[in-house]
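Novice: Questions regarding the structure given below will be posed in turn.
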Amino acid sequence: MTHADYGYGLWGLALVNAAVFILFAFSFFKPATRRDWRSFGAFSAFIVALFAEMYGFPLTIFLLSGWLQSRFPGVDWWSHDAGHLLEMMFGWRVNPHFGPFHLASFVLIGTGFWLISAGWAPLHAAQRAHKLATTGIYARVRHPQYIGFILVMLGFLLQWPTLLTLAMFPVLVVMYIRLARHEEKAALAEFGSEYRDYMARVPAFVPRLMSRTARPSRSCTPMERQGAARSGAEQALAKKHDWPRRG
């Protein structure tokens with residue numbers, strides 16, 4: 001393999017891509033509190049680790065090269081396209097950028113950034129008015145921006161999985177859940193029953209497919225239909241003979 005075949009060592013490109021995605025997320029998230037900076041910093045560390053392997057040094061390929069070459073001998077694992085591990089391992093090797101995992105990653109990353117963006121405006125307005133954020137996306141889930149960060153990271157794991165980001169992902173998910181719990185305790189202390197009612201109505205991370213009040217209709221059993229018919233007949237007879245109603 002010649003030096004031209006080696007698809008890495010592009011540290012400038014790694015730096016530029018990491019900076020673009022971090023600034024992109026910053027423009028949507030706009031961290032203000034110490035807790036905001038913690039969550040944003042953890043996400044930034046994930047992005048830096050990702051692009052350092054994507055364009056700098058392929059640590060995952062290096063550590064797994066023996067197993068990968070013996071299991072998938074037809075793949076040039078030091079080419080840049082081979083970094084799309086899931087596409088290579090599942091046989092989508094012609095153009096991994098149009099493989100199913102890569103396309104699914106675009107959906108997850110786009111949805112994640114949309115959630116981060118959609119959550120900022122109602123949250124900022126509520127914070128300025130010292131109220132709860134319960135409108136917009138906050139009417140569906142209580143922590144849309146944390147969900148957004150998780151979806152973006154999950155999308156990048158599908159697109160370019162590495163051992164380091166794979167190890168970081170569950171740790172960061174747990175961290176975001178704990179941050180959400182701390183925020184809820186603070187909101188309960190400040191807003192009390194108002195936030196407790198909001199928690200009862202709106203799920204934390206996974207939106208409900210239908211409202212609690214919207215229950216699916218249930219067909220009546222033959223016994224129920226017979227009872228309803230008998231009740232209707234009795235009411236008609238009582239009206240005809242002007243029987244007194246029970247109190």
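Each residue, glycine too, has its Cβ placed from N, Cα and C.
Automatic prediction, not curation, is the source of TrEMBL annotations.
Copied straight from TrEMBL:
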- 6-29: transmembrane segment (TRANSMEM)
- 41-68: transmembrane segment (TRANSMEM)
- 101-125: transmembrane segment (TRANSMEM)
- 146-177: transmembrane segment (TRANSMEM)
- 216-247: region 'Disordered' (REGION)
- 237-247: compositional bias 'Basic and acidic residues' (COMPBIAS)
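Are these features on the surface or tucked inside, and what touches them?
Specialist: Long-range contacts of the transmembrane segment (41-68) within the same chain: residues 8-11, 13-15, 17-18, 21-22, 25, 75, 77-78, 82-83, 85, 149, 152-153, 156, 160-165, 168-169, 172, 175-176, each at least 6 residues beyond the stretch ends and with a Cβ under 8 Å from a Cβ of the stretch.
Long-range contacts of the transmembrane segment (101-125) within the same chain: residues 24-25, 28-30, 84, 86-87, 90, 92, 133-138, 144-145, 147-156, 158-159, each at least 6 residues beyond the stretch ends and with a Cβ under 8 Å from a Cβ of the stretch.
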Novice: Excluding the flanking five residues on each side, which residues at least 6 beyond the ends of the transmembrane segment (6-29) place their CB within less than 8 Å of a CB in that stretch?
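Specialist: Counting only partners 6 or more residues beyond its ends, the transmembrane segment (6-29) has Cβ contacts under 8 Å with 36, 40, 43-44, 47-48, 50-52, 54-58, 78-83, 113, 116-117, 120, 145, 149, 152.
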